[in-house]
Amino acid sequence: NCTQATEFSLAGFPEDPATQVTLFLLFLLTFLVTILENLGMITLIRVSPLLHSPMYYFLGNLAFVNLCTSSIITPRMLVGVLLGKKGMAYAWCMAQVFTIDLFLITECFLLATMAYDRYVAVCHPLLYPLVMSPERSSRLVTGSYLLGLANGVGQAIGMSSLLFCGSSAIDLFFCDISLLISLSTSDTTLSLVILRTASCFLGVPTILVVLVSYVAIISTILSISSAEGKRKAFSTCASHLTTVSTFYGALIFVYLIPRSDSSRGVDKWATVLYTVVTPMLNPLIYSLRNQEVKEAWKRLRKI
C-alpha cells in the first residue's frame, strides 16, 4: 500500500521572516560574487599568457566546477528562502543528486591532481615539463570529469531504487543522497553499497594523494637551506593548500565524523560551507595569495 512520494520538502529553511531576509541577501551576494569571480578567473586564465601552464589549466577547470556547483544549488536556495517554496519534485531532486555528486567527485580529483602537480613542481622541477605535459594534463582533467560522471550515475541509480512512503522532509537546502537514504522506507542496501563504494574508491584516494603529496612537499621544503628558497617553494603551494583545507575539512566534518542528532544543525551549515561558500572563496584565495595571478590581473587592467 505504498504511495511513492512525488515531491520532497526542503525543511532546512528558517521560519522567522527576519532570518529569511538576512539569509536571502547573504546567499544572493555569495552567488553573485561566486559567478563573477569564477567567470573572471576562467577568462583571465584564457587570455593571460602568464597563466598558460598546467597549474592554471587545472585551476580554470576548478573554477568551472565551482561555477556549476553554485549554479545547481544556490538559485533554488534563493527561491526557497524568498518565496517559501520548500517543495522539490522527485525528478528535480534526482537531477540535483546526479549533478551535485558528479561535480563533487570531479572537484576532489581536480584538487588531488593539483596537489600532484605541486609535488612534481617542488620535488622534481627538472622533470616537470615532461611529467606534466599538455597531453597528460588534459588526460588527468578528462579522467576527473569521467570519474565524477560515474559517481553521479551510480548515486542516481541507487536513488532510483528507493521508495519514499513516509516523511519526505529533508532538513537541508538541497537534495543530499545520504539524507534521502535515511528517509527511504525500502531496502537501502544497494544505495548504501554504492555510496560507501564511491567514498572508499573515489573520495578516500583523493585525500591520500593530497596528504602524500604535501608530506613530500614539506619534506623537500624543509631540506632547502636558504630561507628565501623555502619561502618561494611554499608560496607555490599556499593557495592550493588553503583551498584543500577548506573543502576537505568541511567534507570530513560532515561525512566521516560520527554525528549525534543534536549536531544536525551544525552539519547543515558545514554542508553550506563546501557547496556554497567554498566556490566563492577559491578564486579569491588564488587572487590574493598567488603572485602570478595578481600580476596577470594588473596586466589585464592596463590593456
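The backbone N, Cα and C atoms fix where each Cβ goes, and this holds for glycine too.
TrEMBL: automatically predicted annotations, no manual curation.
Non-local neighbours of the transmembrane segment (23-45) in the same chain are 13-14, 51-52, 56-57, 59-60, 63-64, 66-67, 70-71, 74-75, 77-78, 81-82, 276-277, 279-280, 282-284, 286-287, 293, 296-297, 300; each lies 6+ residues outside the stretch with a CB under 8 Å from one of its CB atoms. The transmembrane segment annotation in TrEMBL covers 23-45 (among others).
What TrEMBL lists as domain 'G-protein coupled receptors family 1 profile' is 37-286.
Note on the transmembrane segment (57-83): residues 10, 13, 20, 23-24, 27-28, 30-31, 34-35, 37-39, 41-42, 45-46, 96, 99-100, 103-104, 106-107, 110-111, 113-114, 117, 134, 137, 140-141, 144, 173-174, 243, 275-276, 278-280, 282-283, 286 of its chain, located 6 or more positions outside it, place their CB under 8 angstroms from a CB of the stretch. The feature transmembrane segment is assigned by TrEMBL to 57-83 (among others).
TrEMBL lists 89-112 (among others) with the feature transmembrane segment.
Sequence annotations record features per position, and here TrEMBL assigns transmembrane segment to 162-181 (among others). Packing against the transmembrane segment (162-181) from elsewhere in the chain are residues 2-5, 7-13, 72-73, 76-77, 80, 88, 93-94, 96-97, 100-101, 155, 188, 191-192, 195, 255, 264, 268, 271-272, 275: each is 6 or more residues past its ends and has a CB under 8 Å from a CB in it.
Annotation source TrEMBL lists transmembrane segment at 201-225 (among others). Remote same-chain residues near the transmembrane segment (201-225) are listed as 105, 108-109, 111-112, 115-116, 118-119, 122-123, 147, 150-151, 233-234, 237, 241, 244, 248, 251 (criterion: CB distance under 8 Å, separation of at least six residues from the stretch ends).
TrEMBL lists 237-257 (among others) with the feature transmembrane segment.
Positions annotated as transmembrane segment by TrEMBL: 269-288 (among others).
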* pLDDT averaged over the residues of the domain 'G-protein coupled receptors family 1 profile' (37-286) -> 86
* Mind checking which residues of the chain, 6+ beyond the ends of the transmembrane segment (237-257), have their Cβ under 8 Å from one of its Cβ atoms? => 62, 107, 111, 114-115, 118, 122, 178, 199, 203, 207, 210, 214, 217, 267, 270-271, 273-274, 278, 281-282, 285-286, 289-290
